[in-house]
């Protein structure tokens with residue numbers, strides 16, 4: 001289930017707002033310019049589906065976003081717990097950074113934790129299957145896929161080079177808890 005926790009940026013252990021309600025999550029994130037919505041597949045997706053089959057199941061929503069935002073590239077990324085580069089991939093996203101384009105991700109399966117630093121607040125957004133999140137360009141954030149990552153996501157890019165992060169060099173991401181998906185017992 002999707003979850004939003006909001007913290008003061010100096011109290012990483014004590015959220016002052018917690019919700020698993022779609023409408024509340026959407027409303028709170030809208031206040032800081034973030035789009036959060038749910039999509040449903042128009043056809044079944046079988047295990048082992050190709051990127052083309054995954055995108056076909058969400059074609060209407062994908063086309064709407066491309067038309068609205070002018071995305072030039074759309075792809076599918078799939079990360080499993082047995083990925084040999086999982087630690088390297090996780091570390092790449094764990095520090096606070098921003099992009100010069102919107103970061104838009106749709107979770108087809110699995111989960112991940114986007115954390116946004118806006119003003120003096122930190123918004124921790126757990127995204128799960130059927131969640132779309134769109135973080136505006138210039139927004140400070142980090143992403144934690146967990147120690148044993150599992151997700152399939154559709155990614156949208158306006159830059160042909162794809163993901164380019166501009167890191168702030170602050171330690172704020174290190175002060176906040178790491179992502180432990182529901183059902184896991186300990187952090188790694």
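Note that Cβ sites are derived from N, Cα and C of the backbone, with glycine treated the same way.
Given the structure is predicted, the values throughout are model-derived calculations rather than measurements.
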According to Swiss-Prot, 97, 99, 103 bind Ni(2+); identify which of 30, 69, 141 is listed for that same site.
141
Using the centroid of the Cβ atoms of 97, 99, 103, 141 as reference, list every other same-chain residue with Cβ within 8 Å of it (recorded Ni(2+) site), in sequence order.
98, 135, 139, 140, 142, 143, 165
Spatial neighbours of residue 96 (site 'May play a role in metal incorporation in vivo') among the recorded positions 102, 103, 105, 141 [C-alpha, 10 Å]:
141
Quick check for the class: what is the C-alpha distance, in angstrom and rounded, between residue 99 (Fe(2+) binding site) and residue 105 (site 'Important to generate the dianion')?
14
